[in-house]
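Pulled from Swiss-Prot:
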type	residues	note
ACT_SITE	H89	active site, proton donor
BINDING	F22, A57, Y58, E59, S81, V82, I83, F114	5-amino-6-(D-ribitylamino)uracil binding site
BINDING	G86, T87, R128	(2S)-2-hydroxy-3-oxobutyl phosphate binding site
Amino acid sequence: MNIIEGAITAPHANVAIIVSRFNSFINDSLLSGALDALQRQGLVKESNITVVRCPGAYELPLLAQQLAKKGSYDAIIALGSVIRGGTPHFEYVAGECNKGLAQIALEHQIPVAFGVLTVDSIEQAIERAGTKMGNKGAEAALSALEMINVLAEIEP
(Lines of atoms letter the chains of each structure in order from A and count residues from 1; the text may use other names and numbers.)
(Lines give C-alpha, C1' and ligand atoms only; values in the text may rest on other atoms or scores of the structure.)
Protein backbone atom coordinates (compact mmCIF):
# COMPACT_ATOMS: atom_id res chain seq x y z
CA MET A 1 0.00 0.00 0.00
CA ASN A 2 1.24 3.48 -0.87
CA ILE A 3 0.18 6.29 1.47
CA ILE A 4 0.78 9.87 0.41
CA GLU A 5 0.75 12.53 3.09
CA GLY A 6 1.97 16.09 3.07
CA ALA A 7 4.19 17.70 5.65
CA ILE A 8 3.25 21.06 7.09
CA THR A 9 6.67 22.58 6.51
CA ALA A 10 7.23 24.41 3.25
CA PRO A 11 10.13 26.82 3.73
CA HIS A 12 10.30 27.85 0.07
CA ALA A 13 6.55 28.27 -0.47
CA ASN A 14 5.11 31.54 -1.71
CA VAL A 15 1.77 32.07 0.00
CA ALA A 16 -0.89 34.74 -0.45
CA ILE A 17 -3.32 35.51 2.35
CA ILE A 18 -6.47 37.37 1.43
CA VAL A 19 -8.38 38.81 4.35
CA SER A 20 -11.67 40.65 4.64
CA ARG A 21 -11.78 43.98 6.48
CA PHE A 22 -15.45 43.56 7.47
CA ASN A 23 -15.49 42.16 11.02
CA SER A 24 -11.81 43.10 11.30
CA PHE A 25 -11.86 42.59 15.06
CA ILE A 26 -12.27 38.87 14.27
CA ASN A 27 -10.35 38.67 11.01
CA ASP A 28 -7.21 40.31 12.40
CA SER A 29 -6.98 37.44 14.90
CA LEU A 30 -7.41 34.92 12.08
CA LEU A 31 -4.61 36.68 10.18
CA SER A 32 -2.31 36.63 13.21
CA GLY A 33 -2.95 32.91 13.64
CA ALA A 34 -2.26 32.22 9.96
CA LEU A 35 0.97 34.23 9.95
CA ASP A 36 2.17 32.54 13.12
CA ALA A 37 1.44 29.05 11.77
CA LEU A 38 3.11 29.76 8.42
CA GLN A 39 6.28 31.10 10.00
CA ARG A 40 6.65 29.00 13.16
CA GLN A 41 5.29 25.65 12.01
CA GLY A 42 5.59 25.91 8.25
CA LEU A 43 8.97 27.68 8.30
CA VAL A 44 7.76 30.01 5.52
CA LYS A 45 9.89 33.14 5.24
CA GLU A 46 8.11 36.42 5.91
CA SER A 47 9.32 37.70 2.53
CA ASN A 48 7.41 34.83 0.85
CA ILE A 49 4.06 35.87 2.35
CA THR A 50 1.79 38.44 0.70
CA VAL A 51 -1.25 39.80 2.55
CA VAL A 52 -4.04 41.41 0.51
CA ARG A 53 -7.09 43.02 2.13
CA CYS A 54 -10.54 43.40 0.63
CA PRO A 55 -13.83 44.92 1.83
CA GLY A 56 -15.73 41.73 2.71
CA ALA A 57 -16.00 37.97 2.34
CA TYR A 58 -18.00 38.31 -0.88
CA GLU A 59 -14.95 39.87 -2.57
CA LEU A 60 -12.53 37.10 -1.55
CA PRO A 61 -13.12 34.88 -4.63
CA LEU A 62 -12.26 37.66 -7.09
CA LEU A 63 -8.99 38.37 -5.27
CA ALA A 64 -8.19 34.66 -5.13
CA GLN A 65 -8.82 34.34 -8.85
CA GLN A 66 -6.53 37.24 -9.73
CA LEU A 67 -3.75 35.95 -7.47
CA ALA A 68 -4.11 32.41 -8.84
CA LYS A 69 -3.89 33.76 -12.41
CA LYS A 70 -0.55 35.40 -11.62
CA GLY A 71 0.99 31.98 -11.04
CA SER A 72 3.32 33.39 -8.37
CA TYR A 73 1.83 31.59 -5.38
CA ASP A 74 1.90 27.99 -4.22
CA ALA A 75 -1.26 28.47 -2.14
CA ILE A 76 -3.85 31.07 -1.24
CA ILE A 77 -5.42 31.37 2.20
CA ALA A 78 -8.80 33.12 2.39
CA LEU A 79 -9.73 34.61 5.77
CA GLY A 80 -12.92 36.32 6.84
CA SER A 81 -16.04 35.98 8.91
CA VAL A 82 -19.71 35.97 8.05
CA ILE A 83 -21.98 36.25 11.07
CA ARG A 84 -25.64 35.29 10.71
CA GLY A 85 -28.14 38.09 11.16
CA GLY A 86 -31.88 38.36 10.79
CA THR A 87 -31.92 38.39 6.97
CA PRO A 88 -30.95 35.90 4.23
CA HIS A 89 -27.80 37.97 3.52
CA PHE A 90 -25.70 35.42 5.46
CA GLU A 91 -26.63 32.56 3.13
CA TYR A 92 -25.89 34.58 0.00
CA VAL A 93 -22.48 35.80 1.13
CA ALA A 94 -21.31 32.57 2.78
CA GLY A 95 -22.52 30.36 -0.05
CA GLU A 96 -21.07 32.41 -2.89
CA CYS A 97 -17.77 32.88 -1.08
CA ASN A 98 -17.45 29.14 -0.47
CA LYS A 99 -18.41 28.16 -4.02
CA GLY A 100 -16.21 30.81 -5.58
CA LEU A 101 -13.10 29.83 -3.65
CA ALA A 102 -13.62 26.12 -4.36
CA GLN A 103 -14.05 26.83 -8.08
CA ILE A 104 -10.80 28.81 -8.20
CA ALA A 105 -8.88 25.98 -6.55
CA LEU A 106 -10.19 23.54 -9.15
CA GLU A 107 -9.76 25.81 -12.17
CA HIS A 108 -6.24 26.93 -11.30
CA GLN A 109 -5.11 23.72 -9.56
CA ILE A 110 -3.83 25.63 -6.55
CA PRO A 111 -4.68 25.09 -2.89
CA VAL A 112 -7.18 27.71 -1.71
CA ALA A 113 -7.58 27.22 2.02
CA PHE A 114 -10.97 28.20 3.43
CA GLY A 115 -10.47 30.18 6.63
CA VAL A 116 -13.79 32.00 6.46
CA LEU A 117 -15.86 31.64 9.59
CA THR A 118 -19.57 31.11 9.00
CA VAL A 119 -21.13 31.42 12.42
CA ASP A 120 -24.39 32.22 14.16
CA SER A 121 -23.02 34.77 16.63
CA ILE A 122 -20.13 37.05 17.48
CA GLU A 123 -19.37 34.76 20.42
CA GLN A 124 -18.90 31.79 18.07
CA ALA A 125 -16.61 33.88 15.87
CA ILE A 126 -14.47 34.92 18.84
CA GLU A 127 -14.23 31.28 19.99
CA ARG A 128 -12.89 30.26 16.56
CA ALA A 129 -10.48 33.18 16.23
CA GLY A 130 -8.10 32.10 18.95
CA THR A 131 -9.97 31.21 22.12
CA LYS A 132 -11.91 28.02 23.01
CA MET A 133 -12.11 26.51 19.53
CA GLY A 134 -8.55 27.30 18.43
CA ASN A 135 -7.67 29.64 15.60
CA LYS A 136 -9.23 28.77 12.25
CA GLY A 137 -6.76 31.08 10.50
CA ALA A 138 -3.89 28.94 11.75
CA GLU A 139 -5.76 25.79 10.72
CA ALA A 140 -6.30 27.17 7.21
CA ALA A 141 -2.59 28.02 6.93
CA LEU A 142 -1.56 24.51 7.93
CA SER A 143 -4.08 23.04 5.50
CA ALA A 144 -2.59 25.15 2.68
CA LEU A 145 0.94 23.98 3.49
CA GLU A 146 -0.10 20.34 3.67
CA MET A 147 -1.87 20.61 0.32
CA ILE A 148 1.21 22.20 -1.30
CA ASN A 149 3.21 19.15 -0.24
CA VAL A 150 0.55 16.54 -1.09
CA LEU A 151 0.12 17.98 -4.58
CA ALA A 152 3.90 18.01 -5.07
CA GLU A 153 3.97 14.30 -4.19
CA ILE A 154 1.28 13.29 -6.70
CA GLU A 155 2.17 15.56 -9.63
CA PRO A 156 3.74 13.71 -12.54
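Every residue, even glycine, has its Cβ placed from backbone N, Cα and C.
Within the set of binding-site residues E59, V82, F114, the entry lying nearest in space to the residue listed as 'active site, proton donor' is V82 (CA atoms). If you draw a 10 Å sphere around the CB of S81 (5-amino-6-(D-ribitylamino)uracil binding site), it holds 28 other CB atoms from the protein chains shown. Each of the recorded positions H89, R128 was scored by the number of other CB atoms within 10 Å of its CB, and the largest score is that of R128. Ranking the binding-site residues A57, I83 by C-beta neighbours within 10 Å puts A57 at the top. Sequence-distant neighbours of T87 ((2S)-2-hydroxy-3-oxobutyl phosphate binding site) (same chain, six or more apart, CB under 8 Å from its CB) are absent.
In three-state terms derived from DSSP, V82 (5-amino-6-(D-ribitylamino)uracil binding site) belongs to an extended strand segment.
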